[in-house]
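A.B. asks: Provided herewith is a single structure, encoded as structure tokens, for subsequent inquiry.
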């Protein structure tokens, strides 16, 4: 007997983090992260503009909507951007399916980023991937139309992502000066994404005293709502406190306050000279900013030899305004002329009434009395129009007109429904014996037959 002994393959079990850049702004953000040599994440870029895609530093590229846009861009139309992403859905799904966490970065207000980012986020949600959106909003000088387009895109995106981080470009003026170049200003905005991704990856790949696993990170990042993300570095005296205060006061974010946060992720990184008291001071300074006593605060600390003499504090506060997040509801086929359920149930509860057609030949020519039927009470309001006022048949011949022909027929119908016929002084039609000599043609045909 031959035994085949084979050494087990080395299986690496670690979470896969993907940074997905969408449109021109998203592609530029990915380029800056690749240039900064960020470790621990995979990069993918997707664009409708073939020329912009060609100049990307990323090797994983998706040409969105080849048939829809033919590589010419979305023309600032979110609808075209969405159609392009839907056309390339299978390719997007292939790049996402092995990821545990994805950062989707885009610029809101244009066509590709505004329209495609929600589609990509929806695919990630369907795959069960922890999804974080990091997007920018237009400058004020770009006009109200572009800002409204961005706001609509944010509403659409927010229902698919677990956490949303918004960076208004207008906030760049808070940190820029007259010498700041346009490219440097946008790089500052991209650094927010860079710091956030690095803060997550460092917790999982860097050695440290307090390491966090992916389940810890997912518990915080899946709180829904908007998020605040910041990083601060400091050296010298009180470096831990200074780094923490810098992290929690990011001037670029739409929500720079941690008030109302449901989850907080703290990462404190330093060199071998970082002390226990410094870690405690930094963590407590951040905790003071959280007003929610039930907030889920997860803390980690790692070592980085390159940070000797410095301390870096990264914080992510999630679940801000979580109660205002729109709920994603899968689309259903539209139908028309549907009766509301309440109305339908009431109709079913009512008994069906079938009225028989009366036999006009069976009516007697003698005097009859017509009594009201409960079934016909709802028609009383229309009796005046038909010459059937309630007092018409009770008045004497001297003070009231004779019932009209229509009144006679209507009264006969009411009598048939109630099946109650009583004698009274209402004359339908009689032939007086004294008028036998009247012209025979003055008598209705059906009465002539009865007479004969």
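Yeah, the Cβs are placed from backbone N, Cα and C, and that goes for glycine too.
Under the heading GTP binding site, Swiss-Prot lists 24, 25, 26, 27, 28, 111, 112, 113, 142, 146, 190. Annotation comment: Swiss-Prot describes 433-442 as compositional bias 'Basic and acidic residues'. Feature annotation from Swiss-Prot assigns region 'Disordered' to 432-452.
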A.B. asks: Counting Cβ atoms within 10 Å of each candidate's own Cβ, which of the binding-site residues 24, 26 comes out highest?
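C.D. replies: Top count of Cβ atoms within 10 Å goes to 26.
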A.B. asks: If you count the C-beta atoms lying within 10 Å of each candidate's C-beta, which of the binding-site residues 28, 112 ends up with the smallest number?
C.D. replies: 28
A.B. asks: If you count the C-beta atoms lying within 10 Å of each candidate's C-beta, which of the binding-site residues 142, 190 ends up with the smallest number?
C.D. replies: 142
